[in-house]
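Student: Sequence annotations record features per position, and here Swiss-Prot assigns glycine binding site to Pro514, Thr516, Arg521, Ser686, Asp730 based on similarity to another entry. Marked as disulfide bond by Swiss-Prot: Cys79-Cys308, Cys420-Cys452, Cys436-Cys453, Cys742-Cys796. Summarising the annotation, Swiss-Prot assigns N-linked glycosylation site to Asn61, Asn203, Asn276, Asn300, Asn350, Asn368, Asn440, Asn469, Asn489, Asn769. Feature annotation from Swiss-Prot assigns region 'Pore-forming' to 601-620. Marked as topological domain 'Extracellular' by Swiss-Prot on the basis of a curator's inference: 21-557, 646-810. The annotation topological domain 'Cytoplasmic' is assigned in Swiss-Prot to 579-600, 623-628, 832-903 on the grounds of a curator's inference. Taken from Swiss-Prot, the feature transmembrane segment covers 558-578, 629-645, 811-831.
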Amino acid sequence: MGTMRLFLLAVLFLFSFARAGCDPKIVNIGAVLSTKKHEQIFREAVNQANKRHFTRKIQLNATSVTHRPNAIQMALSVCEDLISSQVYAILVSHPPAPTDHLTPTPISYTAGFYRIPVIGLTTRMSIYSDKSIHLSFLRTVPPYSHQALVWFEMMRLFNWNHVILIVSDDHEGRAAQKKLETLLEEKESKADKVLQFEPGTKNLTALLLEAKELEARVIILSASEDDATAVYKSAAMLDMTGAGYVWLVGEREISGSALRYAPDGIIGLQLINGKNESAHISDAVAVVAQAIHELFEMENITDPPRGCVGNTNIWKTGPLFKRVLMSSKYPDGVTGRIEFNEDGDRKFANYSIMNLQNRKLVQVGIFNGSYIIQNDRKIIWPGGETERPQGYQMSTRLKIVTIHQEPFVYVRPTTSDGTCREEYTINGDPIKKVICNGPNETIPGRPTVPQCCYGFCVDLLIKLAREMNFTYEVHLVADGKFGTQERVNNSNKKEWNGMMGELLSGQADMIVAPLTINNERAQYIEFSKPFKYQGLTILVKKEIPRSTLDSFMQPFQSTLWLLVGLSVHVVAVMLYLLDRFSPFGRFKVNSEEEEEDALTLSSAMWFSWGVLLNSGIGEGAPRSFSARILGMVWAGFAMIIVASYTANLAAFLVLDRPEERITGINDPRLRNPSDKFIYATVKQSSVDIYFRRQVELSTMYRHMEKHNYESAAEAIQAVRDNKLHAFIWDSAVLEFEASQKCDLVTTGELFFRSGFGIGMRKDSPWKQNVSLNILKSHENGFMEELDKTWVRYQECDSRSNAPATLTFENMAGVFMLVAGGIVAGIFLIFIEIAYKRHKDARRKQMQLAFAAVNVWRKNLQDRKSGRAEPDPKKKASFRSITSTLASSFKRRRSSKDTVNVVV
């Protein structure tokens, strides 16, 4: 018996030990709920989760409390009642009082300190999406800002592109604004206006007046109940709740007191099961249970902290458990499909689309998380309308942006009284001018001042305004650019600048300028039919042939001229020598005649030059046969030289040499760029975009990018100043410039053919009428008249098509040569006269000297013959000769001085 008793005790002990080793792991889940009833629902949900995920390893246990009256008591309760029980997660509902938005905050702060996940059940404030504040907060409901997705889908459904966003300047309003702007940016659109106001503002009339002045009639409102009430009251005073308007709001804006003042026809949202705490408890417990079972399949799982007193260590497994929760997917929830985004907010949520009809909210559709499903109930819009409003009001006052680009838009300063000076076209008609505000390029700092605009595009604008019945105000683009996309603050985000940017940002309603139509721009704006067809061409400086004074010598090189001159003198010397030493150099017909003199060196020179210049030989020809043979050879040489010179002179002076211009876009100097040949275009223009996009032109683009100019006017001036060799731009502009500035010329065939169009936003109500009027203007000849008036292609140089003829410039050197000969002749005649006088004086002096010697000799002979006294007459004659000789010496000296002066 004793043995049996011991055996039974041993079996009982072993059974108890085995059972103790198989006890499941108790995992506590905490909750802070609004009522005791919801605590019971929470416990039942935990039991259901244990049954659904039955396992002997893990058993879930429910630990819950109700909300406390203040934040401190709530934080203490979380520490004492929940964290002390080592809870793995805490579920928290919204407090019963609708105005108490901060009760989940102490729970989130306390649990977040230890990295214990907190799952919100009905808390929708956007502040809980900020993970820098609420580290471990998740929720099974979306924030209020998530309603922006439904507004965006409604805009797409009803094709509304013009919206005004009115938000309160608090965290909730800014979150809704950011969400909607992000969605619109993906669609490459934006709100026409964002109006913010301080929460608690009672009179919002001034704010809504800004909205009333806009074309958009779709108003999206994000505000609290009280602020929404103030907006509705001010809108009713301004008659902004009637026909034509659309009001899209969220859930708060049609709740409580706001609903009493909301206008009939307003469309609001209600989150399906948004306030069903019981349903969210069931879904949250199911998600936590699923995540816990996934967590315990991992290794190194630590237990949560036990209590807050003296414990400052975070739960090491807490961040891991949060990541597991955020990656959880529960498709069969009571409230629908449950998933979390990177902020811990619920991704997919279902909304009822409510329409206020006769002061009652009526469901007219459902948003199922992806798209809107409309039911059979018709929407009653503001003003009792049943037809969908267009969402905008066509304004008859348009803001026109343009750019200085002659001949399409001329910009000139106004007169002292602020008006435009009266001018006339080439046809004698008054030029139509408009006042355009814009930066003045001639004043430092480029201040915005009123200026006068006129030209092709201004005439076109005036005609469109008259035909389509709208008024306008014109301004010049602030940055002086046509428009291209550029990165913002070195980020991947790109924005349009120039006229494109002003149009897309709402600063302008229409672009009336020579804006090139291309694919990049057409993706963002709407173009009219082209009002001017054109392409790209190349502008270069014209090589004007210039004649110098020595141009008549250009047919021969200087070496050849030197050899010809040397040959003349060599032949002359040889003729002289041959004729001098020839026995037949002195020729006579018969013996009675005197012999002719042989050829002198001077005559030989005269003969040699005469034959070369074909001046005719009157005398001084060679007499000997040998010299005459050389003379004939020299004549043949002269004939060949003169004929060659004459032929080449015509080529140099009459016929233009072919200029080495650019042949087109495929010219080797463009395709193989170098620093010796610089070409460029305008920065951030359609031409710049074209070269950037074309792979085969990438080499050219890299060269051009370093040299591009800010404006076409600067580049054209650079070509004229020889700072730029070629400028690539719109053919219409360059051909006009070449017709006005005669030192410029376009070259090569057109490429990248396109056209100029009027730019409008994609949703512009004017786009169809503008295109129709442009086509009509082409048909009735108005565009042709504008071409004749403004884009007038005139011939700069009448010689371009006239027969080539010699001008004074070509032959000026020859006339200078004649003038030089005349001057040289006058100079030499003075020398000859002086020389002749000197020679005559010398000869007379010698004659007197001989006469004096003869008299002296006669007297000497008389003395020797015995006469004591000379004859008185002879003595007087001798004295006279001596006196004359003395005066002759004086004159000789004076004449010598004169010759020196002349020389």
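Cβ coordinates are placed from backbone N, Cα and C, and glycine is handled just like the others.
Owing to the predicted nature of the structure, the values given are computational and were not obtained by experimental measurement.
Each of the listed features needs to be described in terms of its position in the shown structure.
Tutor: Residues within less than 8 Å, Cβ to Cβ, of Ser686 (glycine binding site) and separated from it by at least 6 positions along the same chain comprise Phe482, Leu515, Thr516, Asn518, Arg521, Ser754.
Secondary structure at Cys79 (disulfide bond), taken from DSSP and collapsed to helix, strand or coil, is helix. There are 18 other CB atoms within 10 A of the CB of Cys79 (disulfide bond), with all protein chains counted.
In the three-state DSSP scheme, Cys420 (disulfide bond) falls into the coil class. Within 10 Å of the C-beta of Cys420 (disulfide bond) we count 19 further C-beta atoms, all protein chains included.
Non-local contacts of Cys453 (disulfide bond) by the CB criterion (under 8 A, 6+ apart in sequence, same chain) comprise Thr402, Val409, Tyr410, Val411, Lys433, Val434, Ile435, Cys436, Val474, Leu476. Secondary structure at Cys453 (disulfide bond), taken from DSSP and collapsed to helix, strand or coil, is strand.
If you draw a 10 Å sphere around the CB of Cys742 (disulfide bond), it holds 13 other CB atoms from the protein chains shown.
For Asn61 (N-linked glycosylation site), the number of other Cβ atoms no farther than 10 Å from its own Cβ, over all displayed protein chains, is 16.
Summarising the environment of Asn203 (N-linked glycosylation site), the number of other Cβ atoms within 10 Å of its Cβ, over all protein chains shown, is 10. Secondary structure at Asn203 (N-linked glycosylation site), as computed by DSSP, is coil.
DSSP assigns Asn276 (N-linked glycosylation site) to coil in the three-state reduction, outside any helix or strand. Around the Cβ of Asn276 (N-linked glycosylation site), 17 further Cβ atoms fall within 10 Å across all displayed protein chains.
Within 10 Å of the C-beta of Asn300 (N-linked glycosylation site) we count 7 further C-beta atoms, all protein chains included.
For Asn350 (N-linked glycosylation site), the same-chain residues that are 6 or more apart in sequence and have a Cβ closer than 8 Å to its Cβ are Leu271, Ile272, Asn273, Thr335, Gly336, Ile366, Phe367, Asn368, Gly369. Asn350 (N-linked glycosylation site) carries neither a helix nor a strand DSSP state and counts as coil.
With a 10 A radius on its CB, Asn368 (N-linked glycosylation site) counts 15 other CB atoms from all the protein chains. DSSP assigns Asn368 (N-linked glycosylation site) to coil, not to a helix or a strand.
Every protein chain shown contributes to the tally, and the Cβ of Asn440 (N-linked glycosylation site) ends up with 16 other Cβ atoms within 10 Å.
Asn469 (N-linked glycosylation site) falls within neither a helix nor a strand when secondary structure is assigned with DSSP, and so counts as coil. Contacts of Asn469 (N-linked glycosylation site) defined by a Cβ separation under 8 A and a same-chain sequence distance of 6+ are given as Thr396, in order along the sequence.
Around Asn489 (N-linked glycosylation site), taking its Cβ as the centre, 5 other Cβ atoms fall within 10 Å, counting all chains.
Around the Cβ of Asn769 (N-linked glycosylation site), a 10 Å sphere holds 16 further Cβ atoms from the protein chains shown.
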Student: In the topological domain 'Cytoplasmic' (623-628), how many residues does DSSP assign to helix, to strand and to coil?
Tutor: 4 helix, 0 strand, 2 coil
Student: Are any of Cys79, Asn276, Asn300, Cys308, Asp730, Asn769 (the recorded positions) within 10 Å of Asn440 (N-linked glycosylation site) when you go C-alpha to C-alpha, and if so which?
Tutor: none
Student: What does the structure give for the C-alpha distance between Asn276 (N-linked glycosylation site) and Cys420 (disulfide bond)? Integer Å is fine.
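Tutor: About 71 Å separates the two Cα atoms.
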Student: So what's the average pLDDT for the topological domain 'Extracellular' (646-810)?
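Tutor: Residues in the topological domain 'Extracellular' (646-810) carry a mean pLDDT of 81 in this prediction.
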Student: When DSSP states are folded down to helix, strand and coil, where does Thr516 (glycine binding site) land?
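Tutor: Assignment for Thr516 (glycine binding site) reads strand.
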Student: Other than its own, how many Cβ atoms are within 10 Å of the Cβ belonging to Arg521 (glycine binding site)?
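Tutor: A 10 Å sphere around the Cβ of Arg521 (glycine binding site) contains 25 other Cβ atoms.
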Student: Take the mean position of the Cβ atoms of Pro514, Thr516, Arg521, Ser686, Asp730, the recorded glycine site. Which other residues of that chain put their Cβ within 8 Å of it?
Tutor: Phe482, Leu515, Ile517, Asn518, Ser685, Val687, Ser754, Phe756
Student: For Asn440 (N-linked glycosylation site), which DSSP three-state class applies?
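Tutor: The three-state answer is coil.
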Student: May I ask for the distance between Cys452 (disulfide bond) and Pro514 (glycine binding site), taken between their Cα atoms and rounded to an integer number of Å?
Tutor: 18
